[in-house]
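My structure is below; once you've seen it, I'll send some questions.
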Amino acid sequence: MDRAALLALPSLCALWAAVLSLLPCGTQGNWMWLGIASFGVPEKLGCADLPLNSRQKELCKRKPYLLPSIREGARLGIQECRSQFRHERWNCMVATTTSTQLATAPLFGYELSSGTKETAFIYAIMAAGLVHSVTRSCSAGNMTECSCDTTLQNGGSPSEGWHWGGCSDDVQYGMWFSRKFLDLPIRNTTGKESRVLLAMNLHNNEAGRQAVAKLMSVDCRCHGVSGSCAVKTCWKTMSSFEKIGHFLKDKYENSIQISDKTKRKMRRREKDQRQTPILKDDLLYVHKSPNYCVENKKLGIPGTQGRECNRTSGGADGCNLLCCGRGYNTHVVRHVERCECKFIWCCYVRCRRCESMTDVHTCK
């Protein structure tokens, strides 16, 4: 880092501290800003100046070494949300930190508090990201209060030629920390709708955590002469976060609408379906999603005008669906690149200049 950058760092931290002091502390979602690359390094700001509610700040002060894992968990959740919805009408768009006005808003804007299917997915994927990141840190030996899962040691099935060993991911600690950091007590809220939405968010947080636990897999290593695999050492490991994202996207597609008049426990909105139990890993929502086809400045919805689409696809990225029946524009993009490169002795590379034309389709 050059001298000018070093001199500018204190000013940058002070600016972020001032901006973040404007963030509402009582919300669950502002911690998600930590996953944005342009946010900077939260460890340099300190717990007091981070966009956390009072409970989260207290936990941060007691366990400051967890900040890198919290930041990585937020980054994982944001990245996977954008990946899963990159071809959808709602593409998991996040606010930017280019202005104070945007930085003071929830990262996902309207969707974070709307009580829709999109809200459900955001809470689930972010909670899952936190579990995944913290558990990875435990397994890597980066923390003193957790490590590998020791409950499986010395177990297995000798008669079948395998035993538990290695380092199983301690997902239970990751889930415990995620609950401690994210889940607000319902008793602290006022208003019937607020209580229903908070209960919904808490359920979806847990659904995200359950997804990580449910998709745990078993890896094994063979031992024996010449790779005979006479004995296997096995351990439990978390699935890739991409696989967890696919699982939660499927849950999003099959999410359950609940009644906004829930009293003691959440119920399905449709009375004829109430005999079917709600499972821990189901995603729940209260309100139907808004129209993402057209711009709605009040809700911060950009619409799909100008989005690139696939003319030949019948899926969500196809021009017919993504453009909501409005049609699309086609323009030709010229690409110039180096090609057919050859090494000439001695000592340079000679390339041809190749041009290609590509049709690009964008929604009207």
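Positions of Cβ are set from backbone N, Cα and C atoms, glycine also.
Remember, predicted model here, so these are calculated numbers, not experimental data.
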Among C167, C229, C234, which cysteine does Swiss-Prot link to C220 through a disulfide?
C234
Let me make sure I read this right: Swiss-Prot says C324 forms a disulphide bond with another cysteine. Which one, out of C293, C347, C351, C354?
C293
If you have Swiss-Prot open, could you say which of C167, C229 makes the disulfide with C222?
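According to Swiss-Prot, the disulfide partner of C222 among C167, C229 is C229.
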Which of these, C167, C319, C323, shares a disulfide with C363 in Swiss-Prot?
C323
Rounded to a whole number, how many Å is the Cα of C363 (disulfide bond) away from the Cα of C339 (disulfide bond)?
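C363 (disulfide bond) to C339 (disulfide bond), Cα-Cα distance: 32 Å.
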Tell me, how many other CB atoms lie within 10 A of the CB of C229 (disulfide bond), whichever protein chain they belong to?
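I count 14 other Cβ atoms within 10 Å of it.
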Please name which of the disulfide-bonded residues listed here, C167, C339, C346, C347, is nearest in space to C324 (disulfide bond), Cα against Cα.
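Sorting the disulfide-bonded residues by distance from C324 (disulfide bond), the top entry is C339.
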Do me a favour and check the Cα-Cα span between C339 (disulfide bond) and C222 (disulfide bond); whole Å is fine.
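If we compare the Cα positions of C339 (disulfide bond) and C222 (disulfide bond), the gap is 46 Å.
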Under 8 Å Cβ-Cβ from C146 (disulfide bond), six or more apart in the same chain: what's there?
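Within the chain, C146 (disulfide bond) has Cβ neighbours under 8 Å at C138, D170, Y173.
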Which whole-number value in Å describes the distance between the Cα atoms of C220 (disulfide bond) and C81 (disulfide bond)?
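One finds 31 Å between the Cα atoms of these residues.
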